[in-house]
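*Asks:* If you look up TrEMBL, you'll see 48-124 marked as domain 'Cation-transporting P-type ATPase N-terminal'. Annotation comment: TrEMBL describes 99-122, 142-163, 310-330, 379-402, 414-434, 859-879, 935-953, 1010-1031, 1043-1064 as transmembrane segment. Annotated region 'Disordered' per TrEMBL: 339-359, in sequence order. If you look up TrEMBL, you'll see 349-359 marked as compositional bias 'Basic and acidic residues'.
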Amino acid sequence: MGDMANNSYSGVKNSVAEPNHEGEFGCSLKELRGLMELRGTEGIRKIQETYADVNGLCSRLKTSPVDGLSGQPADLEKRTIVFGQNFIPPKKPKTFLQLVWEALQDVTLIILEVAAIVSLGLSFYRPPEGTGGVEDEGESEAGWIEGAAILLSVICVVLVTAFNDWSKEKQFRGLQSRIEQEQKFTVVRGGQVIQIPVAEIVVGDIAQIKYGDLLPADGVLIQGNDLKIDESSLTGESDHVKKTLEKDPMLLSGTHVMEGSGKMLVTAVGVNSQTGIIFTLLGAGGEDDEDEEKEEKKKEKERKKEKKRVCPIVSLSFLSCVLLSCIAKAQDGAAMEMQPLNSDEGADAEEKRKANLPKKEKSVLQGKLTKLAVQIGKAGLVMSAITVIILVVLFIVNTFWVQGLAWEKSCTPIYIQFFVKFFIIGVTVLVVAVPEGLPLAVTISLAYSVKKMMKDNNLVRHLDACETMGNATAICSDKTGTLTMNRMTVVQAYIADKHYRRVPEPEVIPGSIMDLLVLGISVNCAYTTKIMSPEKEGGLPRQVGNKTECALLGFVLDLKKDYQPIRNEIPEEKLYKVYTFNSVRKSMSTVLKNPDGSFRMFSKGASEILLKKCYKILTATGEAKVFRPRDRDDMVKKVIEPMASEGLRTICLAYRDFPASDGEPDWENESDILTSLTCLCVVGIEDPVRPEVPDAIRKCQRAGITVRMVTGDNINTARAIATKCGILQPGDDFLCLEGKEFNRRIRNEKGEIEQERIDKIWPKLRVLARSSPTDKHTLVKGIIDSTVIEQRQVVAVTGDGTNDGPALKKADVGFAMGIAGTDVAKEASDIILTDDNFSSIVKAVMWGRNVYDSISKFLQFQLTVNIVAVIVAFTGACITQDSPLKAVQMLWVNLIMDTFASLALATEPPTESLLLRKPYGRNKPLISRTMMKNILGHGVYQLTIIFTLLFAGERMFDIDSGRNAPLHAPPSEHYTIVFNTFVMMQLFNEINARKIHGERNVFDGIFNNMIFCSIVFGTFVIQIVIVQFGGKPFSCVGLSIEQWLWCVFLGFGCLLWGQVISSIPTSRLKFLKTAGHGTQKEEIPDEELEDMEDLDEIDHAERELRRGQILWFRGLNRIQTQMDVVSAFQSGTSFQGALRRHPSSASQQHDVTNVSSPTHVAFSTATASNTASATYIYIYI
């Protein structure tokens, strides 16, 4: 990998070393970069040859391994200039003009533009004198206006769309930068341990690393305790790599600390770190590729530009192509499904990917919406085609048969003008029928919710999680910190044969036990854990680091002792061996070497686990007596169970001496080391339930969501806390299981997990105690895969530890803890709880349900407008040979119902009433029967009013009829009234659309949503301007006050009619159908399911595309892949990638994998033949 980086890397932008500073440090940027490309023994050899040891490297970089950098701004600035900043520049956002260009690609808009330009061109044509035109002179003068007005409307629509996209992009970049800003790392500066933003880390910093960290820069290990790193993001190797000063001290950015702790010297940051080099490589590759593409033939160019899927075998140079596929954002709408080439080489990677990644169904709402939009679009296309055909046929029959006119050559342009006009009407019907506002409504609703959710302490990382949360049926929550306050204190203790119900006075504890206790707690708690003075006077002391360890350190302070002098005397470097806490050990041990050559080990851990390893216990005299299994059982009954039943976490503290005469033990043989302990004491730690949690859990239960507690604590503690929270009620027939019992029940004789066995347990399970992260993953998977209940369960999971990653990934929505959570957990999650509080999850449920309801409100409104506008345009065109609503008017209506309505209805704030109903579930249709009743009911009212005005309006208002007007006739009052009334009805119906469950009071909470009020008012004002001053472009004539009042009154009738509709019980209307169902798995043909097996997600939207089309593309795709592979192997090092297109939605691919920020890239190379080397690259972007 190092060679590869050297070959392809030509220089780092933004970090060119200034010559005057270069000499100040004993090593150059290039030297350090070369060092970090070495691994294991090579790295150690290089350090020894060049710098003698790590301390030599520290002195060259002018830093102290103990005190770190001085922290003076001038020094930090100098380091930034010489070695670069810890920042990888993001991809440039699209400019507003690029977004405008993208918006212009809409097919319907292109058709309209072409038609408008043709109309514009033809309007300037004048037939020769004496041929007898179809219109008079005055009318033809204004012929250009309609074409120009349509072009103007198109420009408006495009600008609005582009602006929406631009603001959306800006919002998410803001969100991204907030996530990055919140990421802090612990460094030592001026002898003080401080937390600084990751971007401020410089070369020479001494960083403290611990379990769960994501390394922000490259570095060399100075001191480590049992340190294991997951380097799979860089090397593709899944095994954890043990890091020691003797064997492999090289630490790389973007890798995860899976176990242990330590200190590292930062040697490379930002674009100079290994991750940064790869990213710059990718960037450079992309530019090269673009240059080459320009030189390629046109055909080749087109083939390259298509977004394609990476083939399993590709040439070394495909970095450039990977960049293309990263940058090429998936098109909105469904993309073609492409199959990879099923080569043997690809099969292994494919299998590995399948094993690692669970198959999630894509966002339910998106699937339902796409399906519905495609169905509506098809119907609209048919209607618009019929409209055009009828108009053309009627015109030809009327002109050449009824009137008996001959086709004059000189009049051909005028006839064409008529046909263009008919075509424009047809396209306008299509524009109105196709609900292109749907994706906009979803985007606005989600973006608005995400912004507001940040105020409710939910930092949403994946947009669709917001909507999925509304369907949640189960929440598996951690106990510590989520349901409880995560502020732990020792409240009971069993010391020297006595159970103290409160912390004992120091005098009553024998001196020898006290010394051992204070020393053991001081050295056997992570040195990053400490108790700080309160921020405000009279406040509680601040707990920094692991909260259980904070409780123990607080216990030392309560005993009137201090742990800091001991830590100063025995710094972390002097600890002989540390076995850090992990989910398998459930304990932590630290070994000290005594001056006489003997060793003493202090251990702490879960009491029932550690007591089994104790064979002695200290008595009241300070002597050790034998501790038999019978004594242990007594202690469990009399001490541990009473503590646990009060909701206390019990921790055992023990020690062991290794005499010098026995020689040095084999520290790697843990089972022999962690035995024959002497018990010092057992403490009961209280972590009070958060005051707001019981109420939040009650809300969840009322909303049809089952809350389960999954904890590592013992079963009695868990049961006590679950009862306090309200998860368990007295007299309930629910299960509380320990991890061991749970595993025994769900596995068969062979030890395999069986779904049927899980199905017998999970519906009644409420508490899972002493559980490992694997148990958590098994439970979540079991609930999701279960078919016991008709409705598929949607599961949300909370997690904070590194090992919670798989469960967070598997869950429909993963919540990571913002305060206690590790970087690994945050990266695997969908939403980060910035306050670690369970009640914030309830807010997420409310927002999720609100998104769903907002979309339904918008749909109810839009479909009413759709049905009415299409029927009016269609029947009007058939009967009067002209659409009563002109093209420009239709575009205005389209703007009202798409952009404005989506803004107004998608920004409704949530209310508590959302939590009074059960979850909708995956199969619930978007349009319920109540909504269908509203749509059809309002459609009938509006059509009745419009047709009455259309065919009898001139008599009612005593005005001239607007029907059967010639081609470029001036606008009529008659058609202006029709248009105005239509818009007024939409405005009042928008208020009706605020309620979708049949509520009578449609004004309820309307002033809580100022966006809605301002949009309705704004639309009304613009409508007045259009009607009174729009003139010819809008085909409008100014109306009198009386006519205006009639229009508003007929519009207001919508609200009155709404009351009539809500009086009709939906249950009586059996004939009503629902619409917008999600696609059921059963509905998918077997052969399609087989095709989908290669995908991580089932994208229901894509199934709407014609199967034949997919097969056609797949055939072409395979031929093309094979050709690319052949040419790649022939050309060897040429920069031509074999990119293959992938479905738009698949967020995780086996070649290009979208995990989320921060970004990691991984390479593993294998040589294949002399001419070329095949490279697999796993990229996490």
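Every residue gets a Cβ built from N, Cα and C, even glycine.
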*Asks:* By DSSP assignment, list the helix, strand and coil residue numbers for the domain 'Cation-transporting P-type ATPase N-terminal' (48-124), in that order.
*Replies:* 47 helix, 3 strand, 27 coil
*Asks:* Taking pairs 6 or more apart in sequence, does the count of Cβ pairs under 8 Å between the transmembrane segment (1043-1064) and the transmembrane segment (859-879) hit 3 or more?
*Replies:* no
*Asks:* Quick test of the contact rule: Cβ under 8 Å, at least six residues beyond the ends. What residues does that give for the transmembrane segment (935-953)?
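*Replies:* Contacts with the transmembrane segment (935-953): 860, 863-864, 867-868, 871-872, 875-876, 880, 884, 927, 959, 963, 974, 977-978, 981-982, 985, 989, 992, 1050, 1053-1054, 1057-1058, 1060-1061, 1064, 1072.
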*Asks:* Where does the mean pLDDT land for the domain 'Cation-transporting P-type ATPase N-terminal' (48-124)?
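*Replies:* Computed over the domain 'Cation-transporting P-type ATPase N-terminal' (48-124), the mean pLDDT is 82 on the 0 to 100 scale.
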